[in-house]
Ligand SMILES: Nc1ncnc2c1ncn2[C@@H]1O[C@H](COP(=O)(O)OP(=O)(O)OP(=O)(O)O)[C@@H](O)[C@H]1O
Ligand SMILES: [Mg+2]
């Protein structure tokens with residue numbers, strides 16, 4: 001492993017994104033617009049403020065989905081374009097490649113999270129008890145998790161079609177079980193236990209903790225679980241990426 | 001003679017097919033070795049073995065005295081894949097700068113390699129907007145970074161005009177004269193005459209191995225294409 005090579009990969013991925021300003025704008029703007037849409041939808045509803053209840057979970061879900069997809073597509077492109085084969089024939093550790101990706105997409109996620117959190121709290125009046133910046137930190141951890149999972153599963157996808165199918169297979173169940181639709185402790189026993197081993201649940205819990213209370217002890221614990229999953233996915237990704245292919 | 005590559009009993013299975021079927025060969029330092037044969041005979045597969053990205057390899061393949069694919073070899077081999085393996089959405093310079101950083105070579109190398117493939121004037125153009133021949137030259141430039149000791153070039157001159165092809169072959173010989181081992185594949189037989197030594201391949205086996213002159217003489221004809229055909233007919 002080498003810091004120089006990891007940074008080279010990250011800088012290259014960012015340069016590619018910079019050449020594609022539309023993707024960059026979509027990446028930053030879409031989550032903000034969706035938060036605004038959510039606010040508007042619940043705006044005139046009487047009773048409890050549903051926006052305050054749902055928004056934190058969405059702040060966790062967006063970066064996860066987006067970075068999962070962006071990573072799957074980018075790595076598949078790298079594979080089919082032959083650049084992966086060339087890189088693997090060079091003195092590049094597999095972890096250099098994976099960490100480079102995680103770093104680049106983590107940085108993008110930081111911009112994305114800062115904007116989405118800024119819009120939600122600044123303009124849409126999201127009520128947050130804990131420190132607002134911590135929402136962005138959880139967003140970044142979550143995006144890195146999405147990237148790590150995308151890197152891991154892309155080892156199993158031979159075609160773009162397969163890669164896209166991993167999204168409903170691996171991401172949608174996590175959204176259903178993360179506590180957004182039904183609180184996690186109100187789920188049937190088995191589903192609750194499944195939800196306990198899915199990383200997105202911890203990211204959503206962390207966001208909800210920040211929004212709902214000013215004590216941050218639980219947040220750091222949940223954040224650590226998310227980070228742990230991300231590291232595990234990166235390690236699995238490195239283990240499943242083969243230098244030699246058939 | 002000093003050999004960059006020594007292979008014995010090399011066999012490779014891809015899918016359910018045995019693609020390389022028991023090859024013994026060497027690639028000497030200081031020469032341009034041509035790997036020639038019809039489409040699908042296994043040229044790219046052999047090159048993938050040498051750079052260490054091919055799975056299901058049996059037999060022994062030593063590169064500079066170490067098993068092919070060893071970590072220490074990765075910075076000593078320049079590899080040109082058959083399809084241009086560069087980033088379409090980056091400029092020529094950005095592509096070379098990235099690979100130079102991965103290889104840990106000096107940025108000055110970038111200009112040298114661009115000049116070598118005659119792309120000096122296009123450095124800031126995005127690869128997507130280049131012609132096919134220009135793209136393949138970027139691909140070649142990447143393999144020249146850091147003056148590798150072994151160059152594995154998979155059809156590097158396909159789609160290029162005669163003038164440029166000529167100048168690239170001159171460069172390959174200059175690299176060999178400077179002490180590199182150069183292995184170039186082609187399915188165009190008229191490039192054979194430009195090689196110091198030839199490996200003629202068909203269906204995963206070598207049907208001839210020697211200098212162009214020796215191969216022609218043995219077959220009793222005066223061009224390599226005829227020699228190839230006559231050896232194939234003789235083998236039937
Ligand atoms: N990924 C793969 N899986 C299974 N078989 C493969 C794969 N890639 C190539 N083959 C088979 O291996 C054989 C040799 O392929 P290879 O690419 O080495 O040929 P080649 O000599 O380089 O041909 P060309 O001149 O067309 O590039 C072919 O018959 C091909 O069908
Ligand atoms: Mg080929």
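Going from the start of the chain as shown, residues are counted 1 onward.
Positions of Cβ are set from backbone N, Cα and C atoms, glycine also.
Unlike curated records, TrEMBL annotations are generated automatically.
Small disclaimer: the values here were computed from a predicted structure and weren't measured.
According to TrEMBL, the feature domain 'ABC transmembrane type-2' maps to A:18-244.
TrEMBL lists A:21-42 (among others) with the feature transmembrane segment. Outside the transmembrane segment (A:21-42), and at least 6 residues removed from its termini, the chain residues within Cβ reach (under 8 Å) are 49-51, 54-55, 58-59, 62-63, 66, 70, 108, 111-112, 115-116, 119-120, 123-125.
Annotated transmembrane segment per TrEMBL: A:54-76 (among others), in sequence order. Counting only same-chain residues 6+ beyond the ends of the transmembrane segment (A:54-76), those with a CB under 8 A from a CB of the stretch are 13, 16, 23, 27, 30-31, 34-35, 38-39, 42, 84, 101, 105, 108-109, 112-113, 116-117, 120, 124, 126, 135, 138-140, 142-147, 149-151, 153-154, 157, 159-160, 163-164, 166-167, 170-171, 174-175, 178-180, 200, 203-204, 206-208, 210-211.
The list of residues near the transmembrane segment (A:97-126) in space but at least 6 beyond its ends in sequence, with Cβ under 8 angstroms from a Cβ of it, reads 1, 5-14, 17, 24, 27-29, 31-32, 35-36, 39, 51-52, 55-56, 59, 62-63, 66-67, 70-71, 74-75, 87, 132, 135-136, 139-140, 142-144, 146-148, 151, 211, 230, 234, 237-238, 241. Feature annotation from TrEMBL assigns transmembrane segment to A:97-126 (among others).
Per TrEMBL, the feature transmembrane segment maps to A:132-156 (among others).
Tertiary neighbourhood of the transmembrane segment (A:163-182): same-chain residues 54, 57-58, 60-61, 64-65, 68-69, 72-73, 76, 149, 153-154, 156-157, 191, 194-195, 198-201, 203-205, 208, selected by CB-CB distance under 8 Å and a gap of 6+ residues from either end. Feature annotation from TrEMBL assigns transmembrane segment to A:163-182 (among others).
Residues annotated as transmembrane segment in TrEMBL: A:219-241 (among others).
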